[in-house]
Structure formats: C-alpha cells, structure tokens
Amino acid sequence: MARTLYDKIWDEHVVHTEEDGTAILYIDRHLVHEVTSPQAFEGLREAGRKLWRISSVVATADHNTPTTGWERGYEGIADPTSKEQVTTLDKNIAEFGAAAFFPFLSKRQGIVHVIGPESGATLPGMTVVCGDSHTSTHGAFGALAHGIGTSEVEHVMATQTLLGKKAKNMLVKVEGKLPFGCTAKDIVLAIIGKIGTAGGTGYTIEFAGSAIRDLSMEGRMTVCNMAIEAGARAGLVAVDEKTIGYIKGRPLAPTGVEWDQAVAYWRTLQSDPDAAFDAVVELDATQIQPQVTWGTSPEMVVDINGRVPDPDKEKDASKRSAIERALVYMGLEPNKAMNDIFIDKVFIGSCTNSRIEDMREAAAVVKKLGQKVAKNVKLAMVVPGSGVVKEQAEREGLDVIFKAAGFEWREPGCSMCLAMNADRLEPGERCASTSNRNFEGRQGAGGRTHLVSPAMAAAAAVHGHFVDVRTFA
C-alpha cells in the first residue's frame, strides 16, 4: 500500500494502537528549554524517577535569556522569575543529564529550534518533541516534530512515549519559481492567507513542489515553523540531497558506518508517488508577492501593494466582526495602503527567521539601500538565533553593516518574539517583525505586530514604513 511521508514515520514509531485509534508513539528526540521543563523535572523528582533515555535530551535556555548585558552574566537577567527559570534549568540538567546542553552564556546557546538543527540533533525520520508549539520547524528535515504541553514533557521524560491519535494527511504543493525579492516567509504567509489559521486543523502538512525543493534548508525551516499557524500540529518536507548535505559533519550527526546506514534510510523518506492525501492545496509560486500581515492573526495578510480590508465588504458576520476588532486593536483604518503604514520598531530574529541566511538577506538590503534607520523608528534590532549564527555573521561582517546603519546587534535568544524577556513593545507601538505570531499582546501589552520577511523588515527600518523590497533589493 502506498504511504505518505507522514505515514512512514508514524508507522515506524507506533508501539501500540487501541481500538479507538489512540496510539503510543515512541519519541526519538526531546528538546528542552527553561520555561516548560521545571514542573516536569520536579514531577520526576517527586516520583523518584530518572530520565528514561538521557541520550534523547538536548537542552538550552532561550525564552527568558536577555539579548544585552551578557557581560554581567546571570545578573544581567533583570526579571527574578526569568532568572530563576534559567538557573533552574542549569540545576535540573546537572541532576538529570542530557545528551547535550547549551546553557545561558555558552557559545552554542540559542533558540531551541535553531540549535537543534545546527547541532545535528534533528535527523530525518525522527519523532521530535519540545514544550513549544513551533517544534514543527524540525519537520524541514523529514522528521515528525510537534509541540507538547508541560504534563506531556514529563511523560516523555519518564517513558519516552506519547499518547495520541494519527492526524490526516494534507499536501501543500507550491510549484514554480519564486519571484525576485520573495522568500520562504512570503510562501508560508501566502499559504496561511489562503487556507486560514484553521485550514490545517487535524492534519499533518507535507510541503512539496518545485518552489519548496528550491528552498535552502533554512528556508524550509521557516515554512515548517509556521505550519502551526496554519492550524496543523506538524509540517514536513521530504528528504533530498540538501537535507543530507546540511546534516553532514554536524556535532551530533552520525559518523562512519552509522552515517552511511543513516543516509540509506533517509533517502527512503519521501511520499510514495501514488500515495493518497486527505486534502491537497496548490499555490503558484510565480504569483506570490512580499507579504505583510495587517491584523491580529497570521491569516490577516495581504501583498505589500494591497490595502487593509474593509469590514463592510465582508458578508460573513463572524469574519466581519474579527476584522473590526483587529482594526481597532491595530489602530488602522479600512482601505489604508500597506505601504503607508509607518512603524515604531523593527525586530529581525525569532525561530522563524534568525538563521545565517536570514541575517544575510536583511544585511544585503541594508547595504544596498546605504541609508540609516529612519528617524521615526525608535529601535531596530537584529537578534541572531544562536551563538553559532552570531559568530558566523560577524565573520562575514554582517554586524558591521547593521550597526553602521543604526541597528542594534544583540546576543542570541527568543527576544521580542514574545513578551517574556526584556525585549518588548510598549502599548500602541507598531513593529515590523520577522517572528511568527501577531496576536494581541504577543510582543507586549498593546503592541501591534506586522509579520514580514527579514528583507521586508530591513527595508521598513530604513524607510520608516512598509515598502516593496523588490523596488530596492
């Protein structure tokens, strides 16, 4: 029987299935950070349990870590709760162990969904979980990856398994050559704009088509990262030579005979040609334009040359109400041109867009424009996703380009993606952000978030408002 990529990985990891479809699934890799792990470790401690398989755990601190003040060490973490979570992770890993731990201030520390792939901890065919919804990022490697809750974090630590039911299969095919000036971020925002934030609910999405194959591994990670924003629990991209080339030589990747055996298996991780999907969505990549969200949901997105929608033109009452509420929160008027929206801050970073390719993309725009950050922009910050990314960017001189233009070059971490550390928006401030969520209060109470690509964010920083990066790139 022909199987999809999702079918193959699921079948390889099912330990037992009940009559109602509930299955026990074996977990290969458990990524751990400081926010959703303290209660789980405490649960193990109270029950007198140890980690079932220490070699499955890779940990780092990211959500609460500051992006400035590293010279002060742990004293640079201003918020007491944040500091306690970071130090508690240190203590828990010291007690329980891990295959790899990248603590605060270490060279390889960074966002968990950046350090996992770059360290070789994420491998094709794996089941990967983390107490974070954007674990779907790792699906770019042909791994079945999804977020879990805190109680499930403890369950995986104790048993190396999870309970769950198999999702349906969705295929999202993006065919054609992506236009100049458009990126993986524009692809995934266009997908979400088409199917909505509930379009993938109940599905695991496989992203395929020539436009997806043409993306780098970093671009594929951006797409899979936002599968959760399309409603899916997980996103997948089939393994190809790009996948294998990216992994080779990474610190935790297999070597020698084990590498050869792994590669032979990885090359089987593709959907069979005649595999059936429960739903198929198709997009023409040649028609995709730079995307900008205008509202308080990722599905509230339009092309850069578009306009803020008019609720009076929406026939569906619930959708009309959602538009009206979003307009009030975002402080926007119907029919306003997107390129007439001025901004207060710019954030280039997050697990969606903080890898070296993203840094290069943004720096290239800044260098091309040859101008400083606009006077109306209070803060433009660039936050690499890990110490490794930061070091590589500095070797290439990207930090010099950013700083010369008036951007702040920060230390790695989740930063302004979420209001859980010192980097946040004040009420009413408007931000061009390369992150993944534009919910009310996501970047700070009353903050207004517009999701864009790194290139679009860089161009907005210099011009002070949204512009079509294709005009300048």
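Cβ atoms here come from the backbone N, Cα and C positions, even for glycine.
Checking the candidates C224, C351 against Swiss-Prot: the one annotated together with C414, C417 at the [4Fe-4S] cluster site is C351. Neighbour counts of Cβ atoms within 10 Å were compared across the binding-site residues C351, C414, C417; the minimum falls on C351.
Classification of C417 ([4Fe-4S] cluster binding site) by DSSP places it within a helix. Highlighted in sequence order, D62, H63, I111, H113, H134, G349, S350, T352, S354, G413, S415, L418, S435, N436 have their Cβ within 8 Å of the centre of the Cβ atoms of C351, C414, C417, the residues recorded for [4Fe-4S] cluster, and are not part of that set.
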